């Protein structure tokens, strides 16, 4: 009995005595101290922080050590990338761009007419938007593959937001157009500002899951909106939610549907879907789904013209204004009540357009292994929308479907956009009268076939498998758009993205670490069940920076870990906890609230007769711990480079046993 007591006393002595290399150099290996970073000048530190935040890609690197004339040329090339790649342009590249440009032109012309209707604008405004903006982008954009023009989601968003301000786009057509141009102008200003101030990271706040849900919901909403033209309904709801749309569809079933229109719509939609299927099955036949919409328009227009089906109730496009874009500078609101409305709508449209364009650009840049400068892209997209707003265009951005066709057609540079723009110019000048008898049903079929691809089931399933909270964000955005409105869906998408970010910041992960057998490595015991705890020592890892938003939670969570561990120790008659080691490798930063929380933790542990030990604080953290005198409070000999060193100092014998 006495020998057992004696051994317990010796054990307690071992636990309580912190041995270090400078105390027992002959018994313990050398333990390297945690280094303090060299003191930095405040201005230099601020400059480095600003550079890393806004200029992480070091955009001025190419200007270093260059003569003034060379800097001027490099500056022009930075603004107009065409001056750089244009020097090495060849006929071989032009051949690829010509084929790609003609292919996407055949796709964009019928789509543009349909998308303009989606935005509640006359058909020619869709064509205008595929004439001027692509030309501007070709000179200023850095993506070789992106195809510029109106897109379904932005058209729907713009149409919905504008209609919420001007209820009847037909009766108040001039006022509606002016507000559309104003919104486009301020969308461009927003995009240029974000790019110029290098604030491109702001669009990343809309998570991938939220975008997938929003795009899928918008695609369903767009498809449902096309039932008006697809079924030949004349009186249709102005709301976009699925309940209102389906009620409007079935309410007009007895007297509002036109069977000739339905036949045209179903036949051409089947043809377009079959063309898409052929293109997917055989990549060499990529041009089939690309020219499918134009063939559909030609066939249906010819059919209506020779049968005069328009006299039997088949709704047609009728008149499309001939000629290129008229100037619209004098139509933009720069004062009055509509100014703020235009600014608000423009900012929302700008963010969605940027998100879509940057995502497309990055995807194809990765496939062709070249770098895409996101901030330059924003400036290019913004400039083309500013110029577009002054030339009767509405918000343009990169199109998923057209960019994919552009890529598969073998485009080499942005010249494919110039070719497409020239074809649209020729269409506006000479061909628009031929669209007079084009049935609305074919435009609806073209839009439905185009947006089906935006419903990405595979991406949604992958999100479900990877992160259930992300899936909630995805479904929240999806159902918000489908059952409420585009604005509500967008608000839900942004809100859930921010909520997830706040949750991760305010409730960071913590873990108990154990020692892996036959190693000096300490890992999460939940991930490695074979890892064993060190008797008398609790090792906790904090997986986040410690800020005012989470410092109190981290302190309380560590104390809860300690209470749980003490209960387990008491039940199993193991040695009581004498040391709490906080592994700080993942802690990238700490503020005054975080240090205050550590001080409170230290005082709580003192009352329990438990020593606080820190392992591997980073340069920023250790600097602040010394500046606040917290390192002196707990003792510099309680701060170690590794968890293994800390455990060895707490209890060398236990380490050998474990």
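Each Cβ is built from the backbone N, Cα and C atoms, and glycine gets one as well.
A TrEMBL annotation is a machine prediction, not a hand-curated record.
Within the set 116-139, 308-331, 476-499, 500-523, the record from TrEMBL flags 476-499 under the feature transmembrane segment. Matching 65-86, 87-108, 285-306 against TrEMBL, the residues noted as transmembrane segment span 285-306. For the ranges 227-245, 398-416, 417-435, the feature annotated in TrEMBL as transmembrane segment maps to 417-435. Between the stretches 11-31, 32-52, 179-199, TrEMBL puts its transmembrane segment entry on 179-199. The recorded stretches the transmembrane segment (259-278) and the transmembrane segment (146-167) do not share 3+ CB pairs below 8 A when only pairs 6 or more apart in sequence are counted, and are therefore not in contact. Helix first, then strand, then coil: DSSP counts for the domain 'STAS' (527-650) stand at 63 helix, 21 strand, 40 coil. Outside the transmembrane segment (285-306) by six or more residues, the chain places 103-104, 106-107, 109-111, 264, 268, 271-272, 275-276, 278-279, 314, 316, 405, 408-409, 434-435, 437-439, 441-442, 445-446, 449-450 with a CB less than 8 A from a CB of the stretch.
No contact links the transmembrane segment (345-366) to the transmembrane segment (442-464), because fewer than 3 Cβ pairs that are 6 or more residues apart lie under 8 A. Mean pLDDT across the domain 'STAS' (527-650) comes to 94 in this model. Using the rule of three or more Cβ pairs under 8 Å, pairs at least 6 apart in sequence, the transmembrane segment (179-199) is in contact with the transmembrane segment (378-397). Ranking 146-167, 378-397, 442-464 by CB pairs under 8 A with the transmembrane segment (417-435) puts 146-167 at the top.
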